[in-house]
Amino acid sequence: MSRGSDRTGPPTDDRARKKRPGLLLGRPFGVPVYVTSSWWIVAILITLVYGGIVQSRLALGPSAYLLAFVFAILLYASVLVHELAHSVVARWYGLPVRRIVLYVLGGVSEIDREAPTPGREFWIAFSGPLLSLVLAAATFALTAFADPFSVTGELLFQLWVANLLVGVFNLLPGLPLDGGRLLGAGVWKLTGRRHTGSVVAAWGGRVLALVVVALPFLFAWSAGSTPGPWAVVWGVVLAGFMWMSASEALRNARIRARVPGLRARALARSAVTVPADLPLAQADRRAEEAGAAAVVVTDSGGTPISVLHPAAAEAITGARRDWVPVADVSRALTGHSTVAADLEGEELLQELTRSPLPEYLVLEADGTLLGVLRAVDVNAAMAGRTVEGAGDVAGEEGRG
């Protein structure tokens, strides 16, 4: 149903990216495919509901429910093919695909970067519904060669109907559906603004959610009856998911509109360097005298090795601050802990996302230390908030 997940800020912890969302089924085309435990909810529902239908059509006895379970598996295999189409096209365009996840409401291809052009966005989004419609046409053609009252004929009939519904439903113009991506790509192409396309597509998703929840009532009233409880419950669940996903996409679009204004130089906190064995109390005094909002710890040769952890430092109280060295309450720097002071916008965000860390050293072109950039400050800037101490380097430069 949904093509991908858009990242809207540098993560502060890489564990969430590595956590497995469910059972690993395999790696077709090199893309990890997971199925969550929620899949069993739909599998059981399909088995129970469709099993009764099969029994009335084919009189298979208890085997009807086995056939219904097989259909549930084949249905999700079709969903997997749909998602693989998105992933393969995305990788063709050079976009990294993290994984595919099959869950209660369908599947999602988690693509780590956005398409750079509206044309590529269009084809990545359209590939899934297109392949679903191709599968629908293929299974429909095969029904001509099968007895409609046989097991094979029944499965082929249900598969062509299911793939047709998946393909058509995903083309509806609203996020999180693929049709929302298509709508967004079209508006982006017309206006030249990705943000405008995302906002229009998100509002389209909200409108579709209202339509979905109203459909069971409209159909029932037009027939002079009352809507069935299953139709109402499923409509509310699906509409709720669509509304929440569209609302999240709208929030993300507003956040991403601020990305072009991100500048490492403007967000950096001024920093003072201190030796690793310096007591915490003395480091406090040096930072206060320098008007610095961050403390960078260096080795005996003056090379930065860590950054003072504010929360850990605050936990040291009283006389202990006079003898506890700053190195004991600092976070070690890694080989990817630096960013160039001139990085800005999408380039800055991609650099931080490539190596998710709590903080980074901001370096001038000649290698001198400008300050410290904290991931929380970047996220706050993208959310339209300000954090005390962030950007004081730029402020000092402006005053100078």
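Yeah, the Cβs are placed from backbone N, Cα and C, and that goes for glycine too.
Fair warning: this is a prediction, and the values are worked out from it, not measured in the lab.
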Item to check | TrEMBL Zn(2+) site partner of His82, His86, selected from Asp112, Asp147, Asp178 | outcome: Asp178
Item to check | Cβ neighbour count (within 10 Å, all chains shown) around Glu83 (active site) | outcome: 29
Checklist entry - Can you count the other CB atoms that lie within 10 A of the CB of Asp178 (Zn(2+) binding site)? => result 29
Checklist entry - Looking only at Cβ atoms, how many others are within 10 Å of the one on His86 (Zn(2+) binding site)? => result 30
Item to check | Beyond the flanks of the transmembrane segment (227-246) by 6 or more, those residues with Cβ under 8 Å of it | outcome: 2, 49, 105, 174-177, 180, 202-206, 208-210, 212-213, 215-217, 219-220
Checklist entry - Using a Cβ-Cβ cut-off under 8 angstroms and a sequence gap of six or more, which residues of the chain neighbour His82 (Zn(2+) binding site)? => result Gly107, Gly128, Pro129, Leu131, Ser132, Val166, Gly167, Asn170
Item to check | Residues in the domain 'Peptidase M50' (71-146) grouped by DSSP into helix, strand and remaining coil | outcome: 48 helix, 13 strand, 15 coil
Checklist entry - How many whole Å apart are the CA atoms of Glu83 (active site) and Asp178 (Zn(2+) binding site)? => result 11
